[in-house]
């Protein structure tokens, strides 16, 4: 059974930890993320972007796949299925398909349009008891072909969005998607604290991959209740595949090293290990 993110994020906010949000890209990813969550006894937000959703062949594959894995793996921790950086139409489609949570990314729109569409989606989400994450201030970096320059969120706009009572708020706080450059200025802690106090909402740290652990922990202490991870899992997966091939294990015909079940075993475990590390960092271990 899938749950929304409202209760898990409120608990995280009250007890000063963060719930990990891990983007999935295929079956192995979904299985690895759920396996790690069960091992760590951590609540988990299984997420997919619209690009990954298309790659996996759509809602009709992703929703039953995640639900089926929850049952087959006997997952007992809270699991939310979340749409990451959804468009207005994408959010509506995800809600109709059975996603338990959505993030509407209207940050690139004029603020009033973002506000109006956010309000409409919150009302729509209530019909299926789904949760809604909203965004103010574009995030830097690239996400599924959408490039953001990155900007610091406006406090007044955050306050206005908060009147809609979303379940979580993603705000531009100096974070970016993908790998952080050497000249990255870092997170704006004063802004995190100010937004947390002004909105009283669980805050979301997008682009959580590559931020120094001490910085993440400080941000969690100031009000971050959801940590988004994608790039680090991708890097771990790619590294394990490269090591397997460089060791020429795929050429071992005697042991059928070319079998995809063998080739993908260590990369899938690499995702599990990465997720376990992030759950420790979030402080979500043993919180389910």
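Even glycines carry a Cβ here, placed using N, Cα and C.
The D-glyceraldehyde 3-phosphate binding site annotation in Swiss-Prot covers 49 and rests on similarity to another entry. Around residue 49 (D-glyceraldehyde 3-phosphate binding site), taking its Cβ as the centre, 23 other Cβ atoms fall within 10 Å, counting all chains.
Within the same chain, the residues at least 6 positions away from residue 84 (active site, proton donor) whose Cβ sits under 8 Å from its Cβ are 21, 23, 47, 48, 49, 103, 228, listed in sequence order. Marked as active site, proton donor by Swiss-Prot: 84.
Residues or ranges marked as Zn(2+) 1 binding site by Swiss-Prot on the basis of similarity to another entry: 85, 177, 206. Residue environment of residue 206 (Zn(2+) 1 binding site) contains 29 other Cβ atoms, counted within 10 Å of its Cβ in all protein chains. Look at residue 206 (Zn(2+) 1 binding site): DSSP puts it in coil.
Annotation note: residue 135 (Zn(2+) 2 binding site) sits in a strand segment as assigned by DSSP. The Zn(2+) 2 binding site feature in Swiss-Prot is assigned to 105, 135; the stated evidence is similarity to another entry.
The dihydroxyacetone phosphate binding site annotation in Swiss-Prot covers 178, 207, 208, 209, 228, 229, 230, 231. Other Cβ atoms within 10 Å of the Cβ of residue 209 (dihydroxyacetone phosphate binding site) number 21 in total over all chains.
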Would you mind pulling the DSSP three-state label for residue 105 (Zn(2+) 2 binding site)? coil
Taking all protein chains shown into account, the Cβ-based neighbour count within 10 Å for residue 135 (Zn(2+) 2 binding site) is 25
Near residue 229 (dihydroxyacetone phosphate binding site) in space, meaning Cα within 10 angstroms, which of the binding-site residues do we find among 85, 105, 206? 206
Nearest of the binding-site residues to residue 209 (dihydroxyacetone phosphate binding site) by CA-CA distance, picking from 85, 105, 135? 85
